[in-house]
């Protein structure tokens, strides 16, 4: 799986290897073809606001945006699945300046917030959405399950990033989040 991170935000504290690992884990969990490609862009408030206005026709900045390229669905590893070809999933745009406020309000680190938003972005690239309350509940439940399992699997996989956060805001429901994620 090819995952590239482009830090265009000027924020040096963003752990690019951690974002790659959590994205790779999410894609693996969802049975995405191992040759799939993904780009993660770390951007500033001005850039994310411009994208948010231009592509979503919504004012102001946001935390994460996803731009899918090839249509791809989870499940390539199933025995009954057709053999897919490698695909370019698309781009995830993360804004640590915006995410930092959300992390503070939720009582956890910026790193955890960016991990959560990375999983959220991956799900959007794979066609998950939160337009209806039912879809929102399913998407956030899956997002939280993947993220919690990623934390739990670190030792087994021989990686060590941050410890699994605890507290009410660590793995939010859809109702706990601002309605600014896209």
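Placed from the backbone N, Cα and C atoms, the Cβ positions cover glycine too.
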Correct range for region 'Disordered' (source Swiss-Prot, candidates 131-156, 157-182): 157-182
Of 120, 130 (the binding-site residues), the residue whose Cβ has the fewest other Cβ atoms within 10 Å: 130
